[in-house]
Amino acid sequence: MTRTLRRSGWVLGLAALLAALLLLTKLIQPGFGASGIESLVRAALPFAFATAALAVVVIAGGIDLSVASMMAVASVTAAVLMESAGEAATVPVVLLVLLVGIAMGAINGALVVWTRLPDIVVTLAMLFVWEGVALLILQAPGGAATPWLRQLIVGPFPIPGLPEGATAFLPKSLVVLVFCLALVWLPLRRSRLGLSIYAIGSDPTAAFRSGVAIGPTRIAAYGIAGLLAALGGLSLTLSTGIGEPIPGPYLLAAVAAVVLGGVALTGGRGGLLGPILAVLILRVVRLILTLLSVDPNVTTIIEGTIMAVVVMLGGLLAMRERRA
Amino acid sequence: MSVETARPSVLGRAGRFLRDHPTVTLILLLLALVALLQVLRPGIVNERWIGNTVKFAIPLAMLAACQTLTMLTGGIDLSAGTVATISAFVVATQAPLVGTGPALLIALFPAIILGLLNGFGVGICRVHPLIMTLGTGLIGIGCLQVYQRSVIATGSVVPPILEWLGTGRTGGLPNALVLFLPFAALILWAQGRSGFGRLLYALGANEDAARLSGVRAWQVYLALYALSGLIAGLAGLVYVGLIKAPSLSLAEPLLLPSVAAAVIGGTSIFGGRGGYAGTIVGALILTVLGTLLTLLQMPEGARRILFGLIILFVTTAYLRLTDQG
């Protein structure tokens, strides 16, 4: 019991922090309610998927700097195909984009395995490659998104039998996020592959000696990250209605959220819940600062400071634990 | 092994020579690229072109020095691009107010502060350098934007001395060499011959062993990242003299290429191996590559793809050539 508590202590702390911040938002802006939460989560959607993608790779002991570029490729692919293929072909288009994402991730992983270069070098190079691919597909922002698909992440999630007031606080975008992540993560976590991913992240040599196929596992981890990045790109296209070939600031934000979320950069530790909570916390902080009419540039400073201070504190705590 | 040493084939000897002198391989690659350029567009390789290439490679090579030095200890400095931008912007906005000399000093001040902050986080709080320098980069860019608001009325002037340094040439050679040659000589001397340089290698090769042999790691990290900030600031000053238009994202596009230059130059991102000589050649290779890709008149997307693939290919080939066999 105490062990589970200590293990999930970080996540519980994050959840408490998020609740406190939401309460603070309500105090600052009494009108903050269902619609505020709805737009908050909708804006956080691409960030959350980018963070989840990065988290999986980091757990497997790697790092993927090309997350934002892969999102751009998925975003423009979806926008171009949806515009040209029309509404009837929406579902095949979505599936195709997800497949493209898996393929991009698997290519990253295969290159990491095959070249034997550090992950950070390979994905740095692939950052340029995927960026270029996105630019080849679409020179300037454009394309379109199917309207009914866009409605999928707008507004509250209706539950039959419950009054509208009760369901108003459950945005569709949150349901989409939880559903997609659960669909990918829960079966993985319970499978042999999931265990292998944690194993190669925590100690590749030990994993190898216990019979884990390191190469394929690594490729699979990158493939899953690609899939999640594709979901992020899709959500980006859905929320803006167009495809954006220039990658947004998702890489930095994802690294920050992954670290805040309690995933060790050395690999093998952490989950997806912590990073997702961290994404929401960072978005709420941004919202609060906006509500306080703080200069948006000062907001950037504060975000950077939070990130630096939290990781510094984490480092000091870890050191003290080691000494004790 | 012993049989091989007894009767080395010509190819084997060449391979061993290249393994022992990895920089030679890189220089051969650089020459091959230049030759390719000459074949594609006969006559392009002349004195003027060489001067231009060197001119553009210098700020990149200086920024890559930050990456090389931090990578020797197993770190990285992702705030270098922001720091360079800050120095460039501050010098251009302060010069009309306080004069060129003081402005240069003021411009290097935030660079050292951000560097010390990195060193504090990495050395004392034991934060992963990647995270720490990302964070300080964010803080820096935010501070710069706030600062920009306060000096928006003063306008900006690139001091003539920096323009002379960044763009001018004397007898066909770019003036930036006046700064770069002593700089490179100092780094090359420091990395191999000075105690500080050897501490960097020691910490990167095995931090625990270095600590146990009495190295005060936090002092080294503090000095290293402060130095890295200072170098990034200097690079920003040279770069603004080259570009002649200070902006809020001036040196940002140089950041990832600076990491790439160090990696191509054979510095291991895990620390303990590599050096600045390779990095300089790496910066030249990247600059020539940029010209080559522009010359081929490909769409921007295809250029980026090729750039990424070539970085990947060169580093892989380099690793195979120097580590195995």
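Each residue's number is its place along the chain shown, starting with 1.
Note that Cβ sites are derived from N, Cα and C of the backbone, with glycine treated the same way.
TrEMBL entries are annotated by machine, without manual review.
The transmembrane segment annotation in TrEMBL covers B:24-44, B:96-117, B:129-147, B:172-190, B:220-242, B:279-298, B:304-321.
Beyond its flanks by at least six residues, the transmembrane segment (B:279-298) meets 23, 26-27, 29-30, 33-34, 36-37, 40-41, 44, 53-54, 56-58, 60-61, 64-65, 67-68, 184, 257-258, 260-267, 306-307, 310, 314 of its own chain at Cβ-Cβ distances under 8 Å.
Away from its own ends, the transmembrane segment (B:220-242) comes close to residues 55-56, 58-59, 62-63, 65-66, 69-70, 73, 75, 77, 79-81, 83-89, 91-92, 104, 107-108, 110-116, 118-120, 122-124, 158, 162-167, 176, 179-180, 183, 196, 199-200, 203, 250-251, 254 of its chain (Cβ-Cβ under 8 Å, at least six residues beyond either end). Within the chain carrying the transmembrane segment (B:96-117), a Cβ under 8 angstroms from the stretch's Cβ atoms is held by residues 79, 82-84, 86-88, 90, 136, 139-140, 143, 154-157, 159-161, 222, 225-230, 232-234, 236-237, all 6 or more beyond its ends. Distant neighbours of the transmembrane segment (B:24-44): 17-18, 264-266, 278, 281-282, 284-285, 288-289, 291-292, 295-296, 314, 318, 321-322; these residues of the same chain sit at least 6 beyond its ends, with a Cβ under 8 Å from one of its Cβ atoms.
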